[in-house]
């Protein structure tokens with residue numbers, strides 16, 4: 001059966017019953033239909049925090065490696081083992097759903113449901129973010145049109161518009177055409193909604209007041225004297241925040257095995273910080289003995305950003321890290337072409353395992369216990385599985401092979417046991433670089449300790465920006481690296497575990513509301529395009545409302 005068929009064949013429990021499993025009362029949730037709900041915060045009484053398990057992965061193939069599937073399967077396995085566990089996941093972006101991925105709610109018998117709703121419009125959070133973002137864009141252009149009291153320079157507006165769609169044609173636009181009554185002409189463009197700073201702000205805010213403070217700090221551009229102008233200067237922070245008053249509340253759903261899952265926020269890890277909301281993770285920590293969460297793409301992206309950007313705000317470090325690896329991805333990193341990934345090749349697998357070992361070493365830099373989860377595919381041979389298990393065992397790291405796609409939580413019981421054991425070990429969290437280190441120090445530490453590179457090289461533009469940032473005190477904010485997810489380098493074609501390479505930073509983007517500076521490397525894009533055969537071509541809906549083509 002296909003993922004969507006498995007999902008549709010499962011009878012879901014009422015969301016009130018799922019809420020009751022973790023002690024949430026009727027007045028603490030706002031149902032959206034029968035199987036989804038918003039959680040009203042703060043919870044009535046503070047509860048002790050449970051254990052936190054972060055799931056990340058190696059560098060993926062373009063098809064993805066089933067990290068979300070393993071997260072769901074692990075959560076179900078922990079619940080089967082008698083440990084009350086709550087998942088904390090990111091919300092899928094409609095762009096990749098209609099583009100390459102076709103869905104992002106796990107797979108097989110390890111899914112969060114209702115998968116159609118979650119993958120499509122869900123509870124409207126993405127739309128609220130899009131409207132709030134574009135309302136701010138309209139207010140900026142209206143201010144310029146209506147006298148421009150702040151003396152905003154139309155050539156230096158940094159707030160682009162957004163859509164939750166992959167649309168390369170909108171990357172660069174010209175607006176304000178049509179005469180004096182149609183605005184001031186200027187160059188503009190669109191990003192995808194999950195790249196919006198508002199998404200990062202929402203995911204890092206601790207409550208509604210913090211959200212408004214962060215919104216007011218957002219940089220929108222510069223004035224004619226090259227001085228920064230913020231949302232607070234425009235005096236519209238309250239209006240933007242009120243558009244997000246419901247979106248800030250975490251969403252409660254369930255797994256196929258009727259265990260609770262909180263889904264909230266969805267920044268990409270290659271162009272943003274790649275973690276679900278602090279509020280969702282904090283809520284899960286209060287509701288469960290264990291919280292299993294994930295960070296986008298590999299440990300070099302989402303994993304690093306969880307540790308360096310989210311953890312300081314969350315106020316809790318992971319008790320264990322799970323790195324998901326697949327045999328096909330390691331063969332891909334070992335030089336096998338995509339068309340040949342289902343053919344047994346132990347030698348390429350062993351060569352590609354250097355990528356996994358690099359990620360293990362990277363996460364060990366933080367002083368947190370690491371467990372490797374092999375997400376087994378039907379094409380994987382016994383010889384390949386044994387070879388990979390031996391590679392990991394040789395470096396004294398616990399490893400478990402999972403079959404969660406086929407078996408749900410039952411396929412991750414060994415992994416669950418090893419994760420529980422790991423969380424009982426001492427965790428000595430260590431920062432990658434000193435607190436308040438300058439941007440160059442942080443980027444160099446990430447390049448050397450996480451990527452395995454040698455140095456960071458700045459473009460002429462990036463060097464000029466650093467000098468400007470120093471004037472305003474932005475040069476000591478945390479850095480958020482925007483980099484390809486397919487390689488440890490900034491070149492998607494350099495697979496495996498390259499060494500002594502250079503990371504090239506072409507420009508910086510201050511995200512003052514989120515509290516970090518994005519360093520854009522290589523040719524990473526903030527508005528993706530659709531592939532030659534978008535997943536949307538295979539989607540349909542029957543007269544009775546049955547959806548097909550999501551996966």
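Note: Cβ is positioned from N, Cα and C throughout, glycine not excepted.
The ATP binding site annotation in Swiss-Prot covers 61, 62, 63, 64, 65, 66, 67, 68.
Proximity of residue 67 (ATP binding site) to non-local residues of its own chain (separation of 6 or more, Cβ distance below 8 Å) is seen for 55, 56, 57, 60, 294, 324, 375, given in sequence order. In three-state terms derived from DSSP, residue 65 (ATP binding site) belongs to neither a helical nor a strand segment and is classed as coil. Within 10 Å of the Cβ of residue 66 (ATP binding site) there are 26 other Cβ atoms, across all protein chains.
Taking Cβ-Cβ distances under 8 Å and a sequence gap of 6 or more within the same chain, the neighbours of residue 68 (ATP binding site) are 89, 104, 105, 106, 107, 294. If you take the C-beta of residue 62 (ATP binding site) and look for same-chain residues 6 or more apart in sequence within under 8 angstroms, you find 100, 338, 486.
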